[in-house]
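Residues annotated as heme b b562 binding site in Swiss-Prot: His83, His182. Per Swiss-Prot, heme b b566 binding site is recorded for His97, His196. Residues annotated as ubiquinone binding site in Swiss-Prot, with similarity to another entry given as evidence: His201. Per Swiss-Prot, the feature transmembrane segment maps to 33-53, 77-98, 113-133, 178-198, 226-246, 288-308, 320-340, 347-367.
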Amino acid sequence: MTHMRKSHPLIKIINHSFIDLPTPSNISAWWNFGSLLGICLGLQIITGLFLAMHYTADTITAFSSVTHICRDVNYGWLIRYLHANGASMFFILLYLHIGRGIYYGSYTFMETWNIGILLLFAVMATAFMGYVLPWGQMSSWGATVITNLLSAIPYIGTTLVEWIWGGFSVDKATLTRFFAFHFILPFIIPALVMIHFFFLHETGSNNPSGLNSDSDKIPFHPYYTIKDIMGLLIMMLALMSLVLFSPDLLGDPDNYTPANPLNTPPHIKPEWYFLFAYAILRSIPNKLGGVLALVLSILVLALFPMLHLSKQRSMTFRPFSQCLLWMLTANLFILTWIGGQPVEYPYITIGQLASINYFFTILIVSRLVSLMENKVLKW
């Protein structure tokens, strides 16, 4: 008799995706991040749902409703900090997942890679709108500054900003619609994840060697489910340590002050996971140029499949490309640091140099290094 997981029309889909899925036998811990991101997304949706039960999307009561959640709701403080720090954990895993994709040449799966970029934009939009909801000083002013960037769009910019605000400034209408979008987007993200999955399972997973692994596959369960559980335990240990010992470590103290449109914070900045893009935005003196650079800093990922000139897919046996990737990583850390600093000398200059280096490394140097490695292979 056929096993139910192989015959039942619904369970059969799950079986082919998570149990009997043929997986390369040599994939490392770097392939854990997909499952960890899925768990993180589930955690964010559940905690967010419980927070939404107590939160009020009104400029007068939003700040006090968050205080009420932390003080009066059973384990409200835990739910709130799990949600806030869960977002940070989500982005850490997301950046590692993208980094692994670049290192091992997973971007050659074009459909999977492009859906991944779309997912990144959706997650960034969700996180930005979530940051506005507590209605602290940084929430309100962050929303004002970032939405105001759209006014740089020729002809329709100002109208578009006022349309998003629902008035002539960030106010109750803005907060209400941001809450509506922040609530609905996390239910659209799993749909995009399913498409991401679908395209990945069309081609099969990549592996550290970058070679075709059709001749050497093993079932996903139990080998990689055990490995994923190990990754989950490490992730939960890190997240719970952050939540229970230093819940405000990654937050901004200004957000514990209720929003006041008459008092500007000394330094407006987004959450830490957007600082690299914010630094690129600030490094260009022109408003429209800054907005374009901000969008391109993420959209440049879509060019990776076209920029790949190497005869090898993975960077495992390409030491020069490895050095270049680690230089790019260091550059991103510098941009993140600069994004959190005030707009003054020498931070402006460092930010501009790091921004130029970011695009120059990806668009030009990586191609030259790949061609050089191809030459070396012929010797």
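Cβ from N, Cα, C; glycine included.
Annotated features, which come from Swiss-Prot, shown on the structure.
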residue : record                   : CB count, 10 Å
His83   : heme b b562 binding site : 21
His97   : heme b b566 binding site : 19
His182  : heme b b562 binding site : 21
His196  : heme b b566 binding site : 21
His201  : ubiquinone binding site  : 14
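Closest by Cα distance to the residue listed as 'ubiquinone binding site', from the binding-site residues His83, His97, His182, is His97. By number of Cβ pairs under 8 Å, the transmembrane segment (288-308) is matched best by 113-133 from the list 113-133, 178-198, 320-340.
Counting in whole angstrom, His182 (heme b b562 binding site) lies 21 from His196 (heme b b566 binding site) by their C-alpha atoms. If you look at the transmembrane segment (33-53), the same-chain residues 6 or more away from its ends with a CB under 8 A from one of its CBs are 69, 79-80, 82-83, 86-87, 89-90, 93-94, 96-97, 100, 130, 182-183, 186-187, 189-190, 193, 228, 231-232, 235. Comparing 113-133, 178-198, 347-367 for CB pairs under 8 angstroms to the transmembrane segment (320-340), the maximum falls on 347-367.
Sequence-distant neighbours of the transmembrane segment (178-198) (same chain, 6+ residues past either end, Cβ-Cβ under 8 Å): 17, 38, 41, 44-45, 48, 52, 55, 57, 112, 115-116, 118-119, 122-123, 125-126, 129-130, 132-133, 143.
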